[in-house]
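Enquirer: For reference, the structure I am asking about is given below.
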Amino acid sequence: MFKRVHLIVLDSVGIGEAPDAEKFGDVGSDTLGHIAKEAGLTIPHLEKLGLGTIAPLTGVKAVADHDGYATKLEEISVGKDTMTGHWEIMGLNIKKPFRVFPNGFPEELLKQIEDFSGRKVVCNKPYSGTAVIDDYGEHQMKTGDLIVYTSADPVLQIAAHEDIIPLEELYKICQYVRDITKDEPYMIGRIIARPYVGEPGNFTRTSNRHDYALDPFGHTVLDSLKENGNDVIAVGKINDIFNGQGITEAIRTKSNMDGVDQLLTVMNKEFTGLSFTNLVDFDALYGHRRDVKGYAKAIEDFDGRLPEIMAAMAEDDLLLITADHGNDPTFPGTDHTREYVPLLAYSKKMTKQGSLPQGFYSDISATIAENFEVPATENGQSFLNQLQ
């Protein structure tokens, strides 16, 4: 039994095509494998935790007597997005996919937004959040139109200048869009208000961003932990992904390295339960942008922080490192890839080591539930008794 579990999701760090990759157009994808081959990876601490034993990675040693336990996990849900991956890690099987809109949103949805808001919509395509205000910000100021855009994730974002559209009005419009896109035919995971300020050529997004997410489609192990008096400390995007459900404390982060800093602060305080950290830069800055070298450096930077994380662990802490999907930066397009994800498990009190049987994302939730003696979901098999 562990008093605390520290679960770190390396967002999009997949480890080879999943058995159903063909359904997603992702045959041949391999985030870690292709990064190792094309850019090289110097990751001695992840090696020592057994990463190289899960699948062959060019230049990464398969350390037979590694610390802790290693395996790979398969996703059973129908999506390959962030919310689906995290929700499955916490015990849900998502049977309806969230939708992405690589060609923009349908005209009928835009018309509903225009009719409700009394404002026109511009852009309506995937765009970087900073580039979209550079390109459309001045037009928005002159016309009062709504800048509606998306990304490779199932999100609809609305940008508006705070001096042109008051925050309350922007929030009201986003709430309306949230209400009409929860179900088929849209199934959009998040609506995001993206206010900005400044003058043409010098626009900046403000901290008044607001996310309109969805509650998970069922009871997760986070809910079980919270209901039974355990701490559930969310670091990074986790609170947004679960819409606050099952979370007892939420900490925002600015980057991967800030995320590690925040996690270390959490680890150095007294609590019983789960710390749940998402490190998003792998996905947001390097995966979608197909930046192989940047992705490799980000993995190496995380590897360099692992000794600090392990030093901060108490004797009865368990560290779990995994991912939520793939995002192979060598693959065509800009979207996530359907892949296995790694699982590394380490505790200072382990007296043995080795590989765990290959499993499923929700095995993590089943293991955490068994450890804290709280109800699990119907999905997943606990590997707790194999961590010796």
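These residue numbers are counts, starting from 1, taken along the chain as shown.
Glycine residues also receive a Cβ, built from the backbone N, Cα and C atoms like all the rest.
Below are the features I grabbed from Swiss-Prot:
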- Asp11, Asp324, His325: Mn(2+) 1 binding site (BINDING)
- Asp283, His288, His336: Mn(2+) 2 binding site (BINDING)
Enquirer: About how far apart, in whole Å, are the alpha carbons (Cα) of His288 (Mn(2+) 2 binding site) and His325 (Mn(2+) 1 binding site)?
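Expert: Computed Cα spacing between His288 (Mn(2+) 2 binding site) and His325 (Mn(2+) 1 binding site) is 13 Å.
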Enquirer: Whole-number answer please: how many Å between the C-alpha atoms of Asp283 (Mn(2+) 2 binding site) and Asp11 (Mn(2+) 1 binding site)?
Expert: 6
Enquirer: Other than Asp283, His288, His336, which residues of the same chain sit close to Mn(2+) 2? List them in sequence order, counting a residue when its Cβ is within 8 Å of the Cβ centroid of the site.
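Expert: Result: Asp11, Ser12, Ala152, Asp153, Ala284, Gly287, His325, Asn327, Thr334, Asp335.
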Enquirer: Far apart in sequence but close in space: which same-chain residues, 6 or more away, have a Cβ under 8 Å from His336 (Mn(2+) 2 binding site)?
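Expert: Residues satisfying the criterion: Ser12, Lys80, Asp81, Ala152, Asp283, Gly287, His325, Gly326, Asn327.
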Enquirer: Kindly assign Asp283 (Mn(2+) 2 binding site) to one of the three DSSP-derived states: helix, strand or coil.
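Expert: Asp283 (Mn(2+) 2 binding site) sits in a helix per DSSP.
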Enquirer: Most Cβ neighbours within 10 Å: which of the binding-site residues His288, His325 is it?
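Expert: Of the binding-site residues His288, His325, the highest Cβ count within 10 Å belongs to His325.
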Enquirer: Kindly assign His336 (Mn(2+) 2 binding site) to one of the three DSSP-derived states: helix, strand or coil.
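Expert: It is coil.
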Enquirer: Counting only residues 6+ away in sequence within the same chain, which have a CB under 8 Å from the CB of Asp324 (Mn(2+) 1 binding site)?
Expert: Val9, Asp11, Ser12, Thr82, Gly85, His86, Ile89, Asn278, Val341
Enquirer: Which three-state DSSP class does His288 (Mn(2+) 2 binding site) fall into?
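Expert: His288 (Mn(2+) 2 binding site) sits in coil per DSSP, no helix or strand.
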Enquirer: Show, in sequence order, which residues other than Asp11, Asp324, His325 on the same chain lie with their Cβ within 8 Å of the centre of the Cβ atoms of the Mn(2+) 1 site.
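Expert: Near the Mn(2+) 1 site, the remaining chain residues are Val9, Leu10, Ser12, Val13, Gly14, Thr82, Gly85, His86, Asp283, Ala323, Gly326, Asn327, His336, Val341.
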Enquirer: Among the binding-site residues listed here, Asp11, Asp283, whose Cβ has the fewest other Cβ atoms inside 10 Å?
Expert: Asp11
Enquirer: On the three-state reduction of DSSP, what should I expect for Asp324 (Mn(2+) 1 binding site)?
Expert: coil
